[in-house]
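Take a look at the structure set out below.
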Amino acid sequence: MFRRVLGKTLGFVGYTIQYGCIAHCAFEYIGEFVVCSGPSMEPTIINHDVVFSERMSRHLCKIQKGDIVIAKSPYDPNMNICKRVIGLEGDKVCTSSPSDLFKTHTYVPKGHVWLEGDNLRNSTDSRSYGPIPYALIRGRVCLKSLAAVRGVLGHSFLRSVIFFTFHAILPLALTLTDGA
Amino acid sequence: MVLIMLIATLYSPLSSFLMAQQTTAGRRYLRAFVSGFFVAVPVTVTVLDRFAYVARVEGASMQPFFNPEGGLKSDIVLLNRWSVRNYQVQRGDIVSIVSPKNPQQKIIKRVIGLEGDFIRTLGYKNQYVRVPDGHFWIEGDHHGHSLDSNSFGPVSVGLLHGRASHIIWPPSRWQQIKPSLPPNRGPLDTKEEEG
């Protein structure tokens, strides 16, 4: 009797470990859901939006200009930031604000990326802390929840399906830097 | 790491094969292989990502602590990834980080200063540096032969990969690695007057 209980417990523990490891691999190598807060990516991503960020591009080094990425903050590794990639290594980026008379440019160093939020007036990004190392990037945002029924946890099955339907975020053409 | 995964993939179907029953031998082996594969690979990957990692130290940047003879004999170290899950490091620890210059390479160096410390640099563009928040200053023991913070500046703590806790090969060099700062390489005490 005792041996049967022990056997069942060990089996349960074994299954938990196995599924825990599969979950870790899924979150680490496939993708995860992220809740974004803050106004720095409006109007693309609004405060409290749920997005899905996929990890494969980051591991295969296929992040491109124009992608929205989730990265670890360079000043606090426990905080994550969500910004758009404006420049990859070797690119020339404009560091002056549009109101400056003289435009200053800088080159993104090797192994780094330049991030900026879409809401340029209300975003702390590479314009204040400089380019960040590529390895701080965690994933690329590819899907965003439909905002229309956000926050409505309906009773019907159909409403919950609409709530969890995502639409793809395509990398937008860069119109953010001044054309000069 | 690929070697470890290969060994895990071959070992597990053998053990699950012993527990399979009925049907033809070929179908039995295939089923055992598939179920063993789906157990072994996620477990191995999780252990390597979260708990411990084994790596060979290459290069001369940490002589004489690692690779004291140089040449063909490289030390193999055990990296503890569980102890750095909250990004806690001490001065004098030997850590491995993802290189800020090349995201596919890992480098192993000693932590000299943490956030808020003042460091007197060797060959950096500024002679004195205050390490910013969320960053740390790393240096190789073999100054001059080392690509470290003296070249690329303070490093963000988010790049931390693991802490070297033991040297496990060659057997004559088995030892636990204890944190120790090299002489004259430490954060400047704000009370002392440096000449």
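Placement of Cβ uses the backbone N, Cα and C atoms for every residue, glycine included.
These numbers come from a predicted model, not from an experiment.
According to TrEMBL, the feature signal peptide maps to B:1-16. TrEMBL lists B:30-48 with the feature transmembrane segment. Residues annotated as domain 'Peptidase S26' in TrEMBL: B:32-120, B:125-169. TrEMBL lists B:S61, B:K109 with the feature active site. The region 'Disordered' annotation in TrEMBL covers B:175-195.
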Going by DSSP, is B:S61 (active site) part of a helix, a strand, or coil? coil
Distance [Cα-Cα, Å, rounded] between B:K109 (active site) and B:S61 (active site): 8
Per DSSP, the domain 'Peptidase S26' (B:125-169) contains 7 helix, 20 strand, 18 coil
Helix, strand and coil counts within the domain 'Peptidase S26' (B:32-120) (DSSP): 19 helix, 26 strand, 44 coil
